[in-house]
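Reviewing the structure listed below.
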Amino acid sequence: MPVKKYLLKCLHRLQKGPGYTYKELLVWYCNNTNTHGPKRIICEGPKKKAMWFLLTLLFACLVCWQWGVFIQTYLSWEVSVSLSMGFKTMNFPAVTVCNSSPFQYSKVKHLLKDLDELMEAVLEKILAPEASHSNTTRTLNFTIWNHTPLVLIDERNPDHPVVLNLFGDSHNSSNPAPGSTCNAQGCKVAMRLCSANGTVCTLRNFTSATQAVTEWYILQATNIFSQVLPQDLVGMGYAPDRIILACLFGTEPCSHRNFTPIFYPDYGNCYIFNWGMTEETLPSANPGTEFGLKLILDIGQEDYVPFLASTAGARLMLHEQRTYPFIREEGIYAMAGTETSIGVLVDKLQRKGEPYSPCTMNGSDVAIKNLYSVYNTTYSIQACLHSCFQDHMIRNCSCGHYLYPLPEGEKYCNNRDFPDWAYCYLNLQMSVTQRETCLSMCKESCNDTQYKMTISMADWPSEASEDWILHVLSQERDQSSNITLSRKGIVKLNIYFQEFNYRTIEESPANNIVWLLSNLGGQFGFWMGGSVLCLIEFGEIIIDFIWITIIKLVASCKGLRRRRPQAPYTGPPPTVAELVEAHTNFGFQPDTTSCRPHGEVYPDQQTLPIPGTPPPNYDSLRLQPLDTMESDSEVEAI
């Protein structure tokens with residue numbers, strides 16, 4: 001019961017409202033608020049009232065404008081960057097080394113036989129276009145050539161360029177010219193790409209024939225190697241004991257057994273030192289070459305694939321532990337016959353994350369499936385971009401590219417199963433839409449480590465020491481008293497920390513919530529002398545205004561609802577005498593003038609005396625409905 005009574009009182013209080021009019025509320029607010037200005041509006045003369053009203057309105061607008069500026073600045077999520085440098089004991093970076101040639105030519109020559117013969121014939125046609133090709137074309141296998149041929153574009157007449165097939169089938173869109181030839185100065189080599197049915201063809205132009213034949217050979221070699229089993233490809237590459245001749249980390253000796261092998265399609269067998277997958281990460285506590293990693297490599301360039309690897313040297317990359325080495329995009333070359341010294345400075349980037357920076361902690365919030373997770377590596381933006389491209393490749397070309405990991409259940413592209421894959425792949429590779437889509441979907445890592453390298457080189461070995469160094473290395477690797485190595489095939493590497501080995505770049509919010517509140521309060525206090533309590537007072541009067549408005553609207557709706565069912569009077573309103581008679585005719589007797597049908601008076605008809613006092617004031621005479629009334633006791637209790 002007490003709860004019900006309390007709720008009833010609350011209901012009556014809500015129905016009654018604040019008990020003030022709009023004007024009374026405004027006057028009360030101006031008299032009681034702690035904000036400067038409103039009190040002067042009601043206490044001064046007419047002129048000062050107008051002046052203070054305008055000043056208060058102006059400063060209130062200034063405060064609102066300044067608040068909008070500060071809130072907009074806060075919601076822009078700007079960051080400030082702090083930089084710190086120094087030297088400390090750090091984990092030595094993972095070092096990935098590869099050979100420029102992915103395979104030994106002696107082991108893949110049987111796979112590339114037809115392609116190499118075709119390549120030699122192409123070079124002959126480019127270098128000697130007037131020579132006879134009848135004997136050459138008879139022994140060539142044109143199966144590969146027919147899928148993606150090279151053509152010559154005769155641009156001696158810019159208005160009517162002529163497209164010529166290298167092996168005799170000359171054609172032009174308007175004027176065929178069989179047997180036409182042109183020299184290298186007047187022609188450009190291009191690659192013709194056609195769809196499966198041959199109805200749609202495009203030409204990919206190059207500024208140099210070297211670029212054209214290299215890209216064409218790599219494209220055809222990709223088709224061949226994509227059909228070879230992965231374990232067979234590993235066997236065709238360079239073995240670790242053949243490429244890694246010597247290893248020293250600080251004062252501790254190491255060997256090829258301290259390297260983790262990984263197959264990278266562009267460079268074949270690669271080897272990673274200090275990757276941290278199965279072994280403990282090695283630290284480095286001192287700067288200088290004596291405390292770093294020293295390697296001697298044999299790249300064996302005498303066994304390079306002639307048309308596949310045109311660069312001789314070692315390809316290497318420094319990266320963080322448990323990350324996949326994207327050595328094609330981020331690696332560097334070390335030249336054969338030199339000693340290359342690499343001083344390392346570690347940049348640690350610590351981004352703030354959403355909403356300040358569009359980055360990800362581990363890639364879990366990225367829509368692209370990371371295909372490199374099969375290597376148990378961490379997320380990187382390169383892994384996301386490559387996975388995104390492979391996803392587009394599968395959706396548009398129905399097959400995956402040989403250079404990227406393959407999702408489960410899919411097949412690599414090749415000319416036999418997917419005849420127009422090259423046309424689809426090169427169109428997708430040049431698509432701006434595809435690149436923009438992948439860039440918009442992939443995010444940078446919030447915590448990233450980059451290695452800045454200072455590189456210096458010198459000839460190694462020197463002429464004076466070349467003989468004995470090559471003898472020793474040949475004896476250690478091949479147990480031969482003769483020199484089996486060449487200066488053109490060996491590379492020496494020194495990788496070490498510099499004097500300052502780390503630099504931390506950290507983001508922090510430029511504007512936090514404390515900054516926002518202090519600026520909002522400062523502007524309000526400066527222009528109007530207010531505080532948080534003044535805002536609460538203003539909020540209170542706004543609530544009262546809304547309260548009064550709602551009560552008035554409810555009362556107006558109720559009044560309209562009551563008036564609608566009442567029918568208008570058919571005659572004139574009753575007089576006072578008739579109203580009094582209604583209260584005095586207790587027996588509900590008929591009128592004295594009423595008669596029977598034949599003029600006879602009713603026998604029980606009586607004339608009652610008219611009272612001398614007015615009728616009592618019963619509740620039934622109230623003009624206001626009961627549901628809007630409340631007792632005096634309830635009002636006093638509230």
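Quick reminder: no glycine exception, Cβ is built from N, Cα and C everywhere.
Within the list N135, N447, N482, the entry that Swiss-Prot describes as N-linked glycosylation site is N135.
A disulfide bond in Swiss-Prot ties C388 to one cysteine from C254, C270, C438, C446, and that cysteine is C438. Bond annotation: of C384, C397, C399, only C384 is listed by Swiss-Prot as forming a disulfide with C442.
Record note: of S180, S445, S631, Swiss-Prot gives the feature phosphoserine to S631, with no matching annotation on the rest. Checking N141, N362 against Swiss-Prot, you find N-linked glycosylation site recorded for N141. Of the candidates N205, N376, Swiss-Prot records N-linked glycosylation site for N205; the remaining residues carry no such annotation there, which does not rule it out for them. If you draw a 10 Å sphere around the CB of C194 (disulfide bond), it holds 18 other CB atoms from the protein chains shown.
Around C397 (disulfide bond), the C-beta neighbours below 8 angstroms that are at least 6 residues distant in the chain are C413, F418, W421, C424, Y425, L428. The highest number of surrounding Cβ atoms within 10 Å, among the disulfide-bonded residues C384, C424, is found at C384. Under the three-state DSSP scheme, C201 (disulfide bond) falls in the strand class. A straight line from the CA of C359 (disulfide bond) to the CA of C194 (disulfide bond) spans 40 Å. Cα separation, C388 (disulfide bond) to C187 (disulfide bond), rounded: 37 Å.
A 10 Å cutoff on Cβ-Cβ distances gives C254 (disulfide bond) a total of 19 other Cβ atoms nearby, all chains included.
Of all the disulfide-bonded residues listed here (C98, C254, C399, C446), C399 has the Cα closest to the Cα of C187 (disulfide bond).
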